[in-house]
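S.K.: Attaching a single structure in structure tokens format; questions to follow.
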Amino acid sequence: MVQVNGNYLKLKAGYLFPEIGRRVKAFSAANPDAALIRLGIGDVTEPLPLACREAMKTAIDAMGTAEGFHGYGPEQGYGWLREAIAKHDFQARGCDISAEEIFVSDGSKCDSSNILDILGEGNRIAVTDPVYPVYVDTNVMAGRTGEAGEEGRYGGLTYLPISADNGFAAQIPSEPVDLIYLCFPNNPTGAVATKGQLKAWVDYARSNGSLILFDAAYEAFIQDPSLPHSIFEIEGARECAIEFRSFSKNAGFTGTRCAFTVVPKGLKGTASNGEAVELWGLWNRRQSTKFNGVSYIIQRGAEAVYSDAGQAEVKGLVNFYMENAAIIRRELSGAGLTIYGGEHAPYVWIKTPEGMDSWGFFDHLLNKANVVGTPGSGFGASGEGYFRLSAFNSRANVDAAMARIKAL
């Protein structure tokens, strides 16, 4: 009989969001008339920007002509989109990033997982705790961890706790690690990093030969102009970092699928024989072999994000969701709950009421208020006692959810 990948058997009971889905499904089956409000998974709700829709319509019409038809595109992405990304997202902020260093993809979740294809199995890995579960689970699937302990932490990983006690800022590891996952603005806590904090990570990585995997999927939600949007705003980051970005949350592409990864030329790792190897070439080879590129139509939609109209519409979407976050912060603070995040990210991180753990608070809100959120413990042991609410929903639903919770 064929053998399975035994690493999958090390995974805990279920990926966080499917487990939430299972509980919600069971509740809905038992309470078919309940009007649930979902503030859990970070999926957007507002329509795609008009500029993007019009660009995709034009691209569809072009595909119906002999002159405008496009088959397989470049695996790295069309040059015009890569140029727009480099100009607007990086060069405009003083980052030395060229179009050739940008790889367009169908999602930053995919890229942050697939990047392991080009990295060795013996790397020592550091993640924050709490953490976006994909970083941990993909390393488990790839056989880069041991078994999970009683708290759910996997052997072989270095966990860096973040909580209110340390201002949600992970401490630099006391021992050398090879691979460091950082996410700012942070999912799930909503915390942000200053340039000084990122510089400390870059300095550590350069001193120890480490690689930072920097997830900037929520950078568009930063409100303070002094805060960095990219790791490449930090001097020396080209020598030690790869960055993941997405159009999902700022432009509403969760169902449309377009993202990109930045791999600087000159960024190197080490082969088993000690030889220095450029990661750009390995990632380019990986993408050329395993990926056929993002649809021409979708890339035209993403390009429109950088038009004047697209930029204005994206700003409007970001402002809308951040207004939702402000409502959640204000209403729940007024209800006596301790609130973090929600100022530079679309996530509000809540301290659960005394005597209630994360899943207990989840069940409490589901059963008593018919509101779905995300238990903090699902993001790691240090998330126990916290709870995440997402600002991605309609204003009417956010207002209704707050009224229900305050009435408890």
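Heads up, the Cβ atoms here are built off N, Cα and C, so glycines get one too.
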S.K.: Which one of Tyr72, Tyr78, Tyr321, Tyr340 goes with Ser108, Lys109, Tyr132, Asn187, Tyr218, Ser246, Phe247, Ser248, Arg257, Asn292 at the pyridoxal 5'-phosphate site, as Swiss-Prot has it?
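M.R.: Within the candidate list, Swiss-Prot flags Tyr72.
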S.K.: For Lys109 (substrate binding site), which of the recorded positions Tyr72, Ser246, Lys249 has the nearest Cα in space?
M.R.: Ser246
S.K.: In whole Å, how far is Gly42 (substrate binding site) from Tyr72 (pyridoxal 5'-phosphate binding site) when you measure between their Cα atoms?
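M.R.: About 31 Å separate the Cα atoms of these two residues.
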S.K.: Which whole-number value in Å describes the distance between the Cα atoms of Asn292 (substrate binding site) and Ser246 (pyridoxal 5'-phosphate binding site)?
M.R.: 18
S.K.: Across the listed pyridoxal 5'-phosphate-binding residues, Tyr72, Ser108, Lys109, Tyr132, Asn187, Tyr218, Ser246, Phe247, Ser248, Arg257, Asn292, what is the farthest Cα to Cα distance, given in whole Å?
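M.R.: Across Tyr72, Ser108, Lys109, Tyr132, Asn187, Tyr218, Ser246, Phe247, Ser248, Arg257, Asn292, the two farthest Cα atoms sit 34 Å apart.
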S.K.: Just to be sure I understand the packing, how many Cβ atoms besides its own are within 10 Å of the Cβ of Lys249 (N6-(pyridoxal phosphate)lysine)?
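M.R.: Counting Cβ neighbours of Lys249 (N6-(pyridoxal phosphate)lysine) within 10 Å gives 24.
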S.K.: Once the chains shown are all counted, how many other Cβ atoms turn up within 10 Å of the Cβ of Asn187 (substrate binding site)?
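M.R.: A count of 26.
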S.K.: Spatially, and counting Cα to Cα, which of the binding-site residues is closest to Lys249 (N6-(pyridoxal phosphate)lysine)? Options: Gly42, Tyr132, Asn187, Arg388.
M.R.: Gly42
